[in-house]
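Below you'll find the structure, written out as structure tokens, and then a few comments.
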Amino acid sequence: MGLRSHHLSLGLLLLFLLPAECLGAEGRLALKLFRDLFANYTSALRPVADTDQTLNVTLEVTLSQIIDMDERNQVLTLYLWIRQEWTDAYLQWDPNAYGGLDAIRIPSSLVWRPDIVLYNKADAQPPGSASTNVVLRHDGTVRWDAPAITRSSCPVDVAAFPFDAQRCGLTFGSWTHGGHQLDVRPRGAAASLADFVENVEWRVLGMPAQRRVLTYGCCSEPYPDVTFTLLLHRRAAAYVCNLLLPCVLISLLAPLAFHLPADSGEKVSLGVTVLLALTVFQLLLAESMPPAESVPLIGKYYMATMTMVTFSTALTILIMNLHYCGPSARPVPAWARALLLGHLAQSLCVQERGEPCGQSRSPELSPSPQSPKGGGGPPAGPCHEPRCLCHQEALLHHVATIANTFRSHRAAQRCHEDWKRLARVMDRFFLGIFFSMALVMSLLVLVQAL
């Protein structure tokens, strides 16, 4: 800054000492006007004729580009064009006295400039003014256009991520002059977006301006400021394709574990594989999301999906236990036989082989084994035939034992088939329940993207 001021002072000195004969007619008039204006001018004092008069400054902002939105640190970096206009009471002239010259362009460091700064600045570097020229008109109007790269604090709310919208305010105001000395007002109702370069992640909805007058605890006089609120909406297409759609497809795949045959041995493996895939996507999501107190929408969807897959895997294990009940298992309870194997199996079209859909087998009680001593054998009593089977008591006992064993085996086999059929009914029931849950959750999240 010292070297630049030295060069500007040297240039001003050379301009005063430059012979008029070395310039053209217009240049001689501009040089004469410059010498007349700055002969007794100082840029250290506020340029008003009366010290009690308020100097009005008009502020205009043009948004050129969104450089970065650091959601983790909540810092917004923008490239702006800032235009300030005010009236300098000591820089006025009659254009007729200078050949109709009504405007000149001079270095901004030669004139008084308002100390308007960005209040919510998030940069450690001190604010510096760009070394651009100002346009000075004959009525004393000074227009100063300067580009600026601003880093401002912006509270980010990611509750609806990746379908969130953000509001980032940029507050400009004088740092030392109160409202009785300097009044700042916006030009127009909003910042200009005519030269804005579209951002790949954020869509700009607008940048309205609002003037406020606040009184701070340090000072008694009011301080006016202008706040430009940048309205942003996130472009969620990349997040939907890379994070949301894979989770939706995986969540719809998880209930199909209930449709796999129990003898395949892959029912539990499918649930565990889906749970591991969701865990990997959850880690990728955690890296892209900023830390926040509230859980984002997509985070809630992942947690709900992982919980659903965990419960479906646990239910699959329980249903597998029902399927592999051995012959030693107790018979299906009467209420389960009537409710699940009767009405529910008929409504879900779970039938045995050769049985038409909608017509279930009537529940049967397991036959109890019969004792070898009963009415099933030949009538006891005296027999006069020597070759009659009634005299072969040992053979009759073995035949009765074989028949009872066969009946017991058929009863145990029928009991095992009932448990397997009950497992198929439960599989079909939970397939519909969990598939409906996954479909409803996915639709609720995808509707937010439309």
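Using the three backbone atoms N, Cα and C, a Cβ is placed for every residue, glycine included.
Features reported for this protein in TrEMBL:
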SIGNAL    1-24  signal peptide
DOMAIN    32-235  domain 'Neurotransmitter-gated ion-channel ligand-binding'
TRANSMEM  236-258  transmembrane segment
DOMAIN    243-444  domain 'Neurotransmitter-gated ion-channel transmembrane'
TRANSMEM  270-289  transmembrane segment
TRANSMEM  301-320  transmembrane segment
REGION    355-380  region 'Disordered'
TRANSMEM  429-449  transmembrane segment
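Count of Cβ pairs under 8 Å against the transmembrane segment (236-258): among 270-289, 301-320, 429-449, the largest is for 429-449.
For the domain 'Neurotransmitter-gated ion-channel ligand-binding' (32-235), the model's average pLDDT works out to 91.
Counting only same-chain residues 6+ beyond the ends of the transmembrane segment (429-449), those with a CB under 8 A from a CB of the stretch are 160, 163, 236, 240, 244, 248, 251-252, 254-256, 258-259, 297-298, 301, 304-305, 308, 312, 315, 319, 344, 348. Long-range contacts of the transmembrane segment (301-320) within its own chain (CB-CB distance under 8 A, at least 6 residues past either end) are made by residues 244, 247, 250-251, 254-255, 257-258, 262, 267-268, 271-272, 274-275, 278-279, 281-282, 285, 295, 423, 426-427, 430, 434, 437-438, 441, 445.
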